[in-house]
Amino acid sequence: MPHNSIRSGHGGLNQLGGAFVNGRPLPEVVRQRIVDLAHQGVRPCDISRQLRVSHGCVSKILGRYYETGSIRPGVIGGSKPKVATPKVVEKIGDYKRQNPTMFAWEIRDRLLAEGVCDNDTVPSVSSINRIIRTKVQQPFNLPMDSCVATKSLSPGHTLIPSSAVTPPESPQSDSLGSTYSINGLLGIAQPGSDKRKMDDSDQDSCRLSIDSQSSSSGPRKHLRTDAFSQHHLEPLECPFERQHYPEAYASPSHTKGEQGLYPLPLLNSTLDDGKATLTPSNTPLGRNLSTHQTYPVVADPHSPFAIKQETPEVSSSSSTPSSLSSSAFLDLQQVGSGVPPFNAFPHAASVYGQFTGQALLSGREMVGPTLPGYPPHIPTSGQGSYASSAIAGMVAGSEYSGNAYGHTPYSSYSEAWRFPNSSLLSSPYYYSSTSRPSAPPTTATAFDHL
């Protein structure tokens, strides 16, 4: 085959056994043979096996041929041939002037129809748009003689020459320091500059005053939104020239406001209270944070008391401590300092606990809500009612009768109670909880007779 010449180090064999060269397209003869076989009706897979060319290469060549009609390879990694020749550019300009609303794809089809370009040299749609944008529609600042579109302009339509635009000669010609300002592009002479330079040695220029030169120059004709004049910058820089951190030192402007927010007596009293909390002292606090706030102060401490709980005679099988439900086992005794505080509740042992609060409640008042984690005590019929105010919300013992509950508890539930609707019981989908009778014994099947 004509394409089986292999360069050392740059070629090889494909999966079909055909030779190829890396980075080089198929020869023209092989491309034409692929197209001829496709015209004869040979399938691309058969063309690939017969010519020993990969299926992807065959599909790419045929797809490009069906789309553009060309079998020439595309250039990879190189520059494309110049399609925007002067003749093509002039034709595109003529089409655009005749019909300004013509689209780029219509211009491309017209170039092919009139034979200006062929399938290989016709510019793409993006190239035509670029030609119209850069060459047909001449920019405003280019000379007139280089514009192709101005050759057929009517006498009544003229363009402003570029010499009418007077760009700024230097950045100093613009009063605002910008070369591309509106006044510079429009050629408007700017009046005297209203800017003044800041004197670095003047540290007392923080007052809001207008310079005599700035006031005499008249109103400003052009105000830029992205820059501020020195007249506007001076008031903004005044606080920073005085001090960078206004909260670091007290200034006359902040003194009145701080005195209104934080009175001096209140600050002093707060500091004294803070010192009292840091140092241990037995003296009660006598000063509050403010006059309208009051706090209760414990004036007289009480003598320590202990609660002694004795084990009842009835043995208990639980490992938890007995509830202080009966007043017969409670006794308030004043103990000395030698009694250690309790840490646990061992079963069948005496428990001592010290309380240094206010006057303790009576033995019966310690039950109920005062013991968290235990249910409220319900007295029996033999025990009297509670007269303490600590458990006033509970029901008195006299209201409970010693008799047992009159109604018998339910040991089982009937079907009618569980399903009040009788239609559910008669439904074939309902299965009763009663045991079903066992199935009758079946007779001997046919397997027994075999």
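Glycine is treated like the rest: Cβ placed from N, Cα and C.
If you check Swiss-Prot, you get these features:
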- 9-135: DNA-binding region (DNA_BIND)
- Ser303: phosphoserine (MOD_RES)
- 12-68: region 'PAI subdomain' (REGION)
- 159-222: region 'Disordered' (REGION)
Averaged pLDDT score, the region 'PAI subdomain' (12-68):
83
Using DSSP, how many residues in the region 'PAI subdomain' (12-68) fall into helix, strand and coil?
34 helix, 5 strand, 18 coil
Counting by DSSP, what is the helix, strand and coil composition of the DNA-binding region (9-135)?
68 helix, 6 strand, 53 coil
